[in-house]
Amino acid sequence: MSPTTPRSVEPSGLKPEQLPPSYFTWPGLLGRLGNGQELSEAQVRWAMNEIMEGNATDAQIAAFAFGIRVRGITAAELAAAAETMTSFATPVDFSDVPNCVDIVGTGGDGHHTVNISTMASFVVSAAGVPVVKHGNRAASSKCGGADMLEALGLDIERSPEDIRQDAHDTGFAFMFAKTYHPAMRFAGPVRSQLGAPTIFNLLGPMTNPAYPKFGLIGCAFKEFMPIMGGAFARQGSRVLVVRGMDGMDEISVCTPTEVVTVDAAGRTGEEVINPRNVGLDFYEDGSLVGGDAEYNADVAVRLMKGEISGAIKDAVLINAAGALTAVRGWEENGFQETLREQVQIAREALESGAALKQMEKIVGKEF
């Protein structure tokens, strides 16, 4: 756990003890935000430490979390906040699970879809790539990834030892954010009271305690896509940060999808995904709408059994392909060609029945 007094050296070259007394105080920090100034990484770490240790008041948490988002967070600030928050998480060692990937989004897109990323996770793991999914219950929709997995029969509150074993046995592990980020209990009530996106929406996808090096990251907020990409680059991750032009925090099959790519060398780029360019199709808005946990779980079972085609199937395939592209890399063959190849790999995993068997193995029962 990080100390309350930051040890980092400021850009000016001054050490913390040489800085003004107000530098590491809420009035000083919030004053900088109010004036439109950037915070140093040390100030962000100090603020996150205060929040995670339970030393900050609700008013201070709200002012920081909402204020830094409204002012416009930088990649350096976001990376510092993510690093500090993850240092308070329950640690899990996945160093012996190579090439694991997370498929996760910020939420808050208002589309209330079926659980695309969770279904895509079954397909990805069936294709031989381990998934360490970091998720939670629904916040603004009827059913989050944790809700659907629980409805399928998975015990979501599993110990670090259990999920390590899950990853080895099945190629899939689910880390329930509420369990693995206990310090977030200090910020949770404020987030609920605000009812508006804050820095914590961006931090959720960046604070997987397993530290996966690869990810398909949905971002519902267009203006923060390059910021998240820059922060992931600082973490040394290879990811795709995606947002459908319909606002969906997934790769959409209702519109093209904008992508910020972060490659293995930390270079960022931009792409656009068109489903028709990878052998899939476009569908009407609303064709991915889901329901409660039982409904979405039933959709997952029917999809894996081959009883569902069309929009939901294509959405799962293209998002699974996005995650596989992040793991396998696009530097050699180009992004679009790599994605097209991975769609076919995802299709084989789903249509062969391998994804159904994988889901049954993960939840421990047959459907």
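For all residues, glycine too, the Cβ spot is worked out from N, Cα and C.
Per Swiss-Prot, the feature 5-phospho-alpha-D-ribose 1-diphosphate binding site maps to GLY105, 108-109, THR113, 115-118, 133-141, GLY145; the stated evidence is sequence analysis. For HIS134 (5-phospho-alpha-D-ribose 1-diphosphate binding site), the same-chain residues 6+ apart in sequence whose C-beta sits under 8 angstroms from its C-beta are ASP102, VAL104, MET175, ALA177, TYR180, GLY204, PRO205, THR207, ASN208, PRO209, ALA210.
Marked as anthranilate 1 binding site by Swiss-Prot: GLY105, ASN136. The Cβ neighbour count for ASN136 (anthranilate 1 binding site), using a 10 Å radius over every protein chain in view, is 20. In this structure, ASN136 (anthranilate 1 binding site) belongs to neither helix nor strand by DSSP; it is coil.
The secondary structure of SER117 (5-phospho-alpha-D-ribose 1-diphosphate binding site), as reduced to three states from DSSP, is helical. Sequence annotations record features per position, and here Swiss-Prot assigns Mg(2+) 1 binding site to SER117, GLU250.
Taken from Swiss-Prot, the feature anthranilate 2 binding site applies to ARG191. According to DSSP, ARG191 (anthranilate 2 binding site) sits within a helical segment. Taking the Cβ of ARG191 (anthranilate 2 binding site) as reference, residues of its chain lying under 8 Å away and at least six apart in sequence are, in sequence order, ALA65, THR198, PHE200.
As annotated by Swiss-Prot, Mg(2+) 2 binding site applies to ASP249, GLU250. Other C-beta atoms found within 10 angstroms of the C-beta of ASP249 (Mg(2+) 2 binding site) number 27, with every protein chain shown included.
The binding-site residues recorded for this entry are GLY105, THR113, SER117, ASN136, ARG137, and the Cα of GLY105 lies nearest to that of ASP249 (Mg(2+) 2 binding site). Within the same chain, residues at least 6 positions away in sequence whose Cβ sits under 8 Å from that of SER117 (5-phospho-alpha-D-ribose 1-diphosphate binding site) are ILE103, VAL104, GLY105, LYS133, GLY145, LEU216, GLY218, GLU250, ASN319. Most other Cβ atoms within 10 A: among the binding-site residues THR113, ARG137, GLU250, that distinction falls to GLU250. Every protein chain considered, the tally of other Cβ atoms within 10 Å of the Cβ of GLY105 (5-phospho-alpha-D-ribose 1-diphosphate binding site) stands at 25.
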